Every structure is written in C-alpha cells, then in structure tokens.
Amino acid sequence: MEADWDELSRIPVPPPSPHALPTVATTIAFDDVMELLWVGNEYGRITSFYGPELQRYTSVRAHPVAEGIVRQILFHERGVISLSSRSVHMITRRGLTQWHVAHEEMVDLRCMSFTAQLNRVIVAGCQKVMFTIDIDKGVIVDKLPTEYNYTMMKKSRYLCAATDTGSVNALSLSDFRVVKSWKAHGTAVNDMDARNDLLVTCGFSVRHLGSPIVDPLANVYDLKTLSPLPPIPFHAGAAYVRMHPKLSTTSFVASQTGQLQVVDLMNPNSINLRQANVSFMLGIDISPSGEALAINDAECMVHLWGSPAKIHFNEMSKEVELADVTHRPPPLDWSPDTPLNMIGMPYYHERLFSAWPSHLVFEVGSPPAPIDTGLIPYLRPAEIGHCAPNPKKTRRYQVENTRAVATTEPALIAPKFLSEKAREQSKKSDGSVAEAAGALAGAKLNGEAEDDPLLKYSNVEIKYSRFGVDDFDFRFYNQTNFSGLETHIANSFTNALLQLLKFIPLVRNVALHHAASSCVFENCLLCEMGYLFDMLEKANGQNCQATNLLKTFSSFREAASLGILEENLTNKSLSSAIQAVNRFFLGQIAHDFRTIMPNSDDLEQRLATIASESIQCRYCGNEIVRPGNSLVNELIYPNMDIKHTRRNPAFRFSNILRASIERETQNKGWCNYCRRYQPVGIRKSVHRMPLVMMLNAALNTPMARRLWAIPGWLPDEVGIVIDGGQTLCYEGEDLRMRVQANMPGLIVYELVGVVTEIDIPEHQKPHLVSFINVAISSPEPQPQNKWHLFNDFLVTEVDKDEALRFNQPWKVPCVLAFQVKDARHAMDDSWKDALDTTLLFRDWSLNGGRPVESRVTLSEDEKPTPGTPMALDTEFVDLEKAEIDVKADGSQEIVRPSKSGLARVSVLRGSGVREGVPFIDDYITIKEPIVDYVTQYSGIKPGDLDPRTSEHNLVPLKVAYKKLWLLLNLGCVFVGHGLASDFRKINIQVPKSQTVDTQYLFFHPGKSRRLSLRYLAWAVFKEYIQEEPADNNEGHDSIEDARMALRLWKKFLEYEDAGIVSQMLEEIFREGSKLGFRPPPRNGTAAVLSRPGTAVTMQNTNSGRNTPTVPDAAGAPAVPASAPTTPGRGFRRADALTPGDGTFSGPGAGDFFGGSPLK
C-alpha cells in the first residue's frame, strides 16, 4: 500500500426497489476480466459498478428473494457466477442469464470454488452433499457426499475449505478427499485467503465461557509442507484478510472497526497501518492488479481505496460494453405551423440492417395456449397447481396456432353504414330506393349465404361513423318484430336475462303495473323493468338500450359486494355471474314490490316457492323448523355413472328437478340442545309452487355437463304435484297420461326460455344469449311455438331442437324459466287505464328550488288525452367523452361514443287556453362525474345540478323520466326538434305516430341536409333564438327551443293547408345556401321568406327581434281563419291547426310571438 492510498469513492448499495430503503452488501468481489466491482445484497440481486468512479453498470435479480442473501461471486471468462442458499446462477456481464441450477438437495449452500478443471466449479455448504457443475452446460455433473459443513472455500495448491466448527481442511483437487485438517479457530472461521503456498485465516474463539470474540491473531499455514507458520499479531482483532495478488508474502488484515494493516508474512514487524472511516466493517476485497481495495460496511455503503495517481482493477482488462451515445438531432423551432417534412430522414447508402431477408426470419418459441375459461368451475387443487378434466375441444395431438392474433373482433362482418348505402344508391339508376330495400331485405349474415350456423352465435358489436349510432344498420341483424338490446353499456351482459324476464307474461305484467303505480323511489329496479318492457314492446323490432335499468343496477352496493358487476367479472365465468344476477334481480324486485304493496302476496304467488326447512341433529334428534321460501331454485345433480344415465330414469330432468326443489343435505351445524356443533340433516318441504319457476342450471361438474348433452334431456313441459308434503315431478309420456287423467293438484309448466353462455373457442370472447319461446307472450293465441335467439341486438328465429340442444361444448345453459301453462297469452294491459298521474299535477323537488316563473302546473281540467300535443325539449351534459381509435394511416374510428346525462326537461302545452306555457321544467340531479357541462349548448352551468347549490327545481332522473313516460302512455303527441336524439339519450321509445319532429317536417327530399332550429326560426319567423349578449354564456334555453318547435309545426300546418309546402322549402333552402344555413348578423337586413310573388319588408322593433311586416299579397288565394285548438279535440297531423294568424291562442299570445308571413 503506497503512501498516497486513500478513500477515492463511496457509494450506497442500491435498494431492492425504487421505494425501498438501501440494503447492506453481503458480498463484494473485483472482476478479473473487466474494470467492474460486483456487489451482492440480501434480496438475491447482484449489481456491478464500472471504474474508479463506481458508475452503475448492470443489476440483475439472480436468485429469488426467498433464498436469502447472495453468499459468493466467482468470475469466469464467459460470465459471472453467484451463489445463494438454494441455487447457483450465471449471467453475462451485460446481465443476460446463461443458466440457473437448483436441486432438491441444495438446502444451505455457503461457498464455491473452481476445481482443477477450469470449466467446473464445486459448491458446498452446511449439508451432506457437494455438487460439481459444468460451467459450459450449466448442469450438475457429479454429487459428492461429505461429512463436513463447509462455509468458505479458496483454491490454491489445495482446495482450502473452512468448516462451521473453526477447522480448515486441505482437499485434493483431483478427488476432493481431505489431505490435511487444522483446528484454526475455536468457534468459526470468519475469513480466509490462499495464494501460492500460503493460507491465512481469521476467526472467532470463546474465552472465559463468554461469547465468541475475534482472535487477535491471524493464523498462517504453509500449503507446501502442510504445516503451520508463526501467526500474525493484530491487537485490534483480525476479522478479514486478503493476500496481495502480486506480492506473494504480503497480506491485508482488517478489523471490524475499520483498522487496516499491510504486513509481510515473512517479516511481521514490517507493517503499514491505515484507518477506514466506517462504523462496522463487513468485508474487504482487493483487485487482481493490487491497486484497489473495496470495503463494505453495515451502513449500506461500499468504499473504494487506492492511489489517486494510478488505479486499475486489472492489468489487462477487456473493454466494457457501454450503451451507444445517442447523437441528439439539431434543435428545430417547432410550432403548429412547421411542416412535418422539415424533420427529414437520415441519408443511407447501404441496405438497412432492419431489412431482413425472408429466408432469415424464423418463428422461435410459440406462446403457450390460453387457458379455457370454461375449465375454471371444474378446477380442483392437485399436488402441483390445479387440474380439471380434459374438455376435448380439439383432436388428439392437434397443435393450436397460438401466434394467430387473439382478437376479440366479432366473427360477423359489420354491415355498411346507412350513409354509405345511401351514397352508393345515389350513384345508381332511378329506382334506387326500391333496389336498396331489396338489397337490405336479401342481406344475410356476413354478407353472404348463412352457411356457417355459428355466425348467429358470434359476438356482435356496434360500429360508429361520424353520424353516430343512428348510422348503424341494426336491421341487418334483426328482421323480426322483436327488439334487441344494445351492447355498448356497462353491465350489458345481463341483456339475455332481461329479454327472458320480458317474455314471461306474469313477470311482465307485475313490472308494468308497478311502473304505472305511484312509486317514485329512485333505485326501484321493478319500475325500471316496467319501463324497459314497455319500450321493447313499443319498439316493434327497433333496437333498444337498457341504459337506465343498468345504471340503477350498478348503483346497488349489494351488487358490488357480491361481485356481479361487469368490472368485477375478470376471474368469474359469465355463467356463474348471470345466475348470481338472476338471484339478485328476483330478490330486489320482490323488495321493490313490497314497498308499494306491503300487504299483497301477489308476487310471492307468482315467483316464490313456499317451503319450510327442518334441521335435525343426527346425534340427539332435536329438530328445528324454519321458513325456506326461495325465488330461485338451483339444480342439484347426483353422483352418477355417465354410462347408465340414458337408461336410468333417476337421471331424468324431472327427477333432478324434484330433488332440487325438495332437497336433502347433510351438514355440520350448531345444536342448541347439545350445545356444540354436530352433524345435522337439512330437509326442505314444499307447500306451494309458484306460477313462474326460475331455475339456475348450476353446471359445475363435467358429469352434469354430459347429462345436458343427452339429446332431448331438457323437456319443454314438466308437471309438478304436491301431495301430502311430497313433491312429484313428471315429464314426457308420464305427464301426458296424467294430464289426460285430470290428476288432482297437477300444475303443468311450459318452458319460456333459457339463458345460455356461448364460448366459441375461435378468438371470441364468451357472451350470453337467450332462447325464448315468443309464442307464450303473444297477445293472440298462436297455433305453434316459435323459438327465437336473442343475441344482444341480433334476433333471429330458430327451431326448437336447436334451442334446446346442448351437446356442443361451447353452449352452456345458465338460467331456465318455466311458467304455468294456464298463463299462456296472459298479457294484461289494464295498467294503461290505471296510470297514477299524480306526478303531473303536483310539484316535486329535491332541494325546494324555484321553477321558472312562466311554468304553471297542470290543472285537473287539463288532463292530457290521446292526441294532445306537447312541446318538448331537453338539455344534456357529457358524462364521458367519446373513445376514438386513431389508426396508423391517420384515420379515426369511434370505439365508444360519448356518454350523455339528462340535465333538463321542459314540456309545454301544445293547445288550449295556456298554449305555449310550460308545465314541466325540471333540472335532473346527476351523481356521476360530469366531464363537460357544454354550457354553450345546454345552458347548464356548474352547480345547477347540485342540490346543495342549485337555485333550480331539481328532481331525480326517475321522476323526470316517469313524467315523460306518463305523457307517452296517455297518448300525447310530442312536438320538438331533433327528437330522435333526445329520446335515445332519455332512453324512452316513442312511436312515430306520437312524434312531430320539425327537423323532418322542414326536410327537402332532394337535399342531404337537416336544418337547425336556430336557422329555421330565422328563416320562417325572422327571429333570433339561442343567442345571448356577448358577455353572457348562458347557452340554450330549452323552454325557448320547445316553444319555437311548436310554432314551426303549426306554421308547417299552415303551409300544408295552403298547398305551398314544396315552394316554401325551396325558398328556405335557397336562402340557406346563400347564408351557410345560419342566421345573418342582427344588424343585417334580408327578405322575409313568404309565398312566391309576395313583397316583404323588415323593420327593427324595440324588442330586439326582427319582426316581419308583410303587405297584402295580390292574387293570393283566400285563407280562412283558424279557431284555437282545445285539449278535448282529437289530434290530427294535417288539421290540428288551420292557417290563420300563426299565433298561439290565449291572452297576450299575439304580443308574445308576432305575426305570420301568410297573414
């Protein structure tokens, strides 16, 4: 050690994770090939540092954390070898793993060393066997038994190995037998080093029956003569030792307190002392060049000592491979106006390295095949992992191409958008409308003949164009009169179950009667079902969505805790999830029914199996009886031999149904008489069967699955008799015989439908469909059953055999619904005559907010009747922005449209004395996060929908929706602008016969443009709407918009009666094309649209509105005066208002709106 040696660097040992504390270095070693210092820690990680500055180079987790600390590091020309208690690991110096060796007999490895063969290492420890490992192959080549527990090894003339008792054995390098053994220290050897013919050891001894202390002597042995030499005295306590790599008799001895001594073994009096600034030293190592010394301490630091003038770890080191220096491009002044070609591309004159020739591209290492989710219910713990019976979905020895892109795209090719079809038809010859209708009627799934029967079971997905969902061709998937349900809504996996419940007449009747009652509870699932069922019936084959119902379903904390929401289904199969949802739905609608009719047992008669459970202790015979009513019965399958199922009547569906309804189970429960847990028997006795029997298939075993695969196993009719506390079930010929014999008490059920999980193993995600016999719920008797498949919005007719056949592995029954045969066609529509309309005639508010002054609640003599016109306008806020996928070519595809929430509803009287006066103006409270209030268009500002801060009349969505639903079922006609979009966002289905949309009234057949309400107001009345002063950003006013739509409709009726509709539309569109279909600025002047040949002038009134003044039209046909409409008069689209002054009747109405251009 030269005189200028000093501490050059000090770095902390890197922590095991970014947020963890530093850890101590358990071993340090200098690399003999490159300028690297390697450090191992207590978490199995080894890290290298480059050069005297100790720059971090590589870091690798070589051993699992459970194996503890890294005990030793060795260096080979090919890589770095590390040792932990249970494994040996080799990596390249860049960090790539070469091999990892572990063995069941490796229980406590402590040390390793090279052998006489430089491509082999021997590893040993406190265990009874040593291993020889081939470095080139990374395999164990020999196992050697030993009677010693070795803790340290150093290779020289002999293989010197220290034991856990303080001895040191000299082992032969050829056969590893013990040649010589010394008792070096009393307790343990702490450190040792061997070089050439010398061995130096440091250790602990026990003195005066105390704890072990460091020996003040470092023992020296001559390996040539196998004899001890005089020890080296070191009063500070010799804890660590290293031999100098160049000076054969010089060694470094260090104490635990940091004192360093460089001593000549042949001349102990020649010493050189240094003091390292450490609190507690844990180890030292000297570089192969002898110019650097590394120290690790208990404060998680690594110190590097050496001469500042010269320091190299090796004499001849290989160059360390470092990352290429990235040359930064020249700075560029980047702005939105900078063209992209300014970036440029690099110049190259040779073939690019990335241009691989095809003959050099190979597929290596295919990814593993994905686990079939259908196996999850059948998994059972095994000795290693889990196991399940082979579903045999592939042929023997068939290899799956796992490199195929695992897309979840639907197998059905989506049809063209309606706008694309319109453009194509417009380019064809005349008669394009008829050709388009014929092409649409002949369209088949996938655009061709339906050769593959699995196509209709595939996933269906809505595609969106820039025109939104209205541009999607739903009729491509549904040519029936039964509506499907859309899929882009959270928890829409329940669509199949909702369809099944809708086609059960007795459930449908209960839901609709409850919806027509006085229930205004916000989270009433039964009301939402009634609204949905009514919407599906009114749609008559048009697509619908269960948005409001699923939003209510998502709001239940019980559903979230049960894990049946879509966000919790990652590790649950759809079949088990939908069965849990079935139990939750029926339990919740029973609760909702009791909130309005607590004393009625109507729902229990329809859905509940009335039963009692007797629990008997098998030890003392004590018996307890308690109610055992259930809304859902779960099928229980017996243990069976599948070979005998076909001819064993005990395995028929009727017998399994009987055993499931009247079940007997054995369990362990608390006995009050014995005062301990005892084996108990539980028996269920049925007293009354429901009118609707809901069953969960509960297919959890392969044997039960094979039972369902038997053709015809599921009957479409079953009979049940309760006789003397016993339940008897019949099917097939047995049932027909008892029906003919008029068996007393026999209840015949017919199968309404089945919810089925479809899991086609061709990169399709599992989904649910339902098979339903729609003939049962038809209002008129039908001669035969008609089965339909409901696959979300794909609806098609199927035959009965296909619906009830479950021998395909991808088709799993989940939920079954049976209804008494006497209730076939029992569609009760008396709820329409018993609507509770109280909500329309009284105020309802969450916050006591004041409605607008112009709003007047309906009076009793204003009760709406069929045909009563009502002007409607709504405002919405954005709850979610649209999800857009930008493709590589720059094109954009809407994956999921923006989600809107109803924020305001305004309804105005369309006739009578108070014509044009609003009676509904409700703001709707929204609990979901609002991402954009779109105030410019909605007029809704932050705080308007919060009950704590809003000054408006706030109501729940349920109340606002129910008011509109009541008006709809009272037969009112809704007048508005763009009503289709409003109805869709409100999630209500209004027949076309009850809709007057001015967007379609003022539509020119030869023009592909729909006019805005703002432009129409100016074009027809020369009035400006949807405008506010420049310093105000209030946005639209729904009352103003609804009132203008009502006026436009009545003006259109005037045009229609005068026979000038086409001329007026031509004039409106001609003027609009000049102005860009926008109103001109207020300070501009323009001619008022009038009948051809009529001169019109414009005058600016003090009111701020441009009111036209029209002189008498010469030669114009006489127009009779009109009489005001009244609520009692029947509504007719053409003659609800005859041409007249174009104003609303009632006091002051003329001053409010101004005159008509036709006056």
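Each residue's number is its place along the chain shown, starting with 1.
Every residue gets a Cβ built from N, Cα and C, even glycine.
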Further divalent metal cation ligand in Swiss-Prot, beside Asp873, Glu875, Asp982, within candidate set Asp801, Asp822, Asp1037, Asp1041: Asp1041
Distant-in-sequence Cβ neighbours of Asp873 (divalent metal cation binding site), under 8 Å, six or more positions away: Ser906, Gly976, His977, Asp982, Ser1038, Ile1039, Asp1041, Ala1042, Ala1045
Per-region confidence, the repeat 'WD' (276-315) (mean pLDDT, whole number): 92
Secondary structure at Asp982 (divalent metal cation binding site), reduced by DSSP to three states: helix
Count of other CB atoms lying within 10 Å of the CB belonging to Asp1041 (divalent metal cation binding site): 25
DSSP-derived class (H/G/I helix, E/B strand, else coil) of Asp1041 (divalent metal cation binding site): helix
Entry from the binding-site residues list Glu875, Asp982 having the most other CB atoms no farther than 10 A: Glu875
Tally of residues which DSSP labels helix, strand or coil - the repeat 'WD' (276-315): 0 helix, 18 strand, 22 coil
